[in-house]
Structures are given as C-alpha cells and as structure tokens.
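Colleague: Below is one structure. I have some questions about it.
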Amino acid sequence: MSELVTIGGVPLHPLIVHIVVVLVPLTALGAIVMAVVPKFSRRFGPLVALGALVSIGSAVLAKEAGEQLARVKPVAADHLHWGSQVPLWVGLFGLAVIGFWFVDRGIPSNRARPLWLRIAAIGVVALSVVATLYVLAAGHSGAEAVWASLIR
C-alpha cells in the first residue's frame with residue numbers, strides 16, 4: 001500500500017480500527033468462556049475461531065492503513081508504539097484461539113479435557129487479556145491524539 005486508501009474520502013485506518021476495537025474484546029470474551037466451559041466451546045467454538053481469524057486480518061490491515069496515514073499526517077509516539085504491537089498480540093491470541101478450538105472439538109463431550117489442554121486454556125485466557133489490553137491502549141492513545149485538542 002503506497003497510496004492513501006480512502007472510502008468515501010475517509011482514510012481507511014479510522015474505519016478499520018473500529019472493527020478491531022469491537023471484535024477483539026468480543027472474541028476475547030468468547031475465547032475466555034470457551035476455555036473455561038467445554039460445552040460453550042463445542043457449540044460456539046467455530047464462531048469464536050472465525051472472530052479470531054477476522055481479528056487477525058483487521059489488526060494487520062489497521063496497522064498497514066495507519067502506517068499509510070502516518071506518512072501523510074504525523075502520529076503521536078505513544079499511539080505508534082501501541083498500534084505497532086497490536087497485530088503481534090492479536091495474531092498470537094487469534095492463533096491460540098483457533099488452535100485451541102481445533103484440538104478441543106475432537107475431545108468427546110463425555111470426557112474431560114486432558115491436562116495439557118487445560119493448561120493451554122490458561123494460555124488462551126492470558127492472551128485474550130493481553131490482546132484486549134493492547135487494543136484498548138492503542139485505541140485510547142489514538143482517540144487522545146485525534147480528539148484531545150478539540151475537546152479541551
């Protein structure tokens with residue numbers, strides 16, 4: 001992406017980040033419930049895994065669009081810091097969720113999860129929290145950069 005991509009005259013970045021800001025925490029919530037409640041995982045796992053996949057794609061696209069926008073309009077250093085980390089943490093989170101669901105769906109409903117999968121569930125919960133915190137930090141710093149001078 002070398003040229004600034006816009007939709008209806010609006011740069012792509014502020015449009016895409018709304019997908020990330022809504023979908024990552026929502027998917028993280030589903031992933032946490034999926035990690036703790038096997039019955040939920042069996043029923044809603046595909047939906048949560050799809051949310052994780054779309055989260056990864058939208059986080060990468062938001063970063064690329066943000067870098068493109070930063071070449072036209074300078075960006076606050078803290079937003080650049082947090083925003084550049086989001087695809088990494090959302091990617092790790094998303095892959096963990098998809099992998100967990102893929103393995104968990106093969107466990108019969110009348111059997112308990114093996115110990116290693118229960119430990120992996122803790123990792124899914126941890127990555128859910130970390131990814132959400134990075135998204136919130138990037139979103140907050142971006143909103144501050146755009147709106148602080150207008151409302152103070």
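Every residue number used here counts from 1 along the chain in the order it is shown.
Positions of Cβ are set from backbone N, Cα and C atoms, glycine also.
Quick paste from TrEMBL:
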DOMAIN    9-148  domain 'DUF2231'
TRANSMEM  15-37  transmembrane segment
TRANSMEM  44-62  transmembrane segment
TRANSMEM  82-103  transmembrane segment
TRANSMEM  115-137  transmembrane segment
Colleague: Kindly state the mean pLDDT of the domain 'DUF2231' (9-148) in the predicted structure.
Modeller: 95
Colleague: Determine how many residues of the domain 'DUF2231' (9-148) DSSP places in helix, in strand and in coil.
Modeller: 122 helix, 2 strand, 16 coil
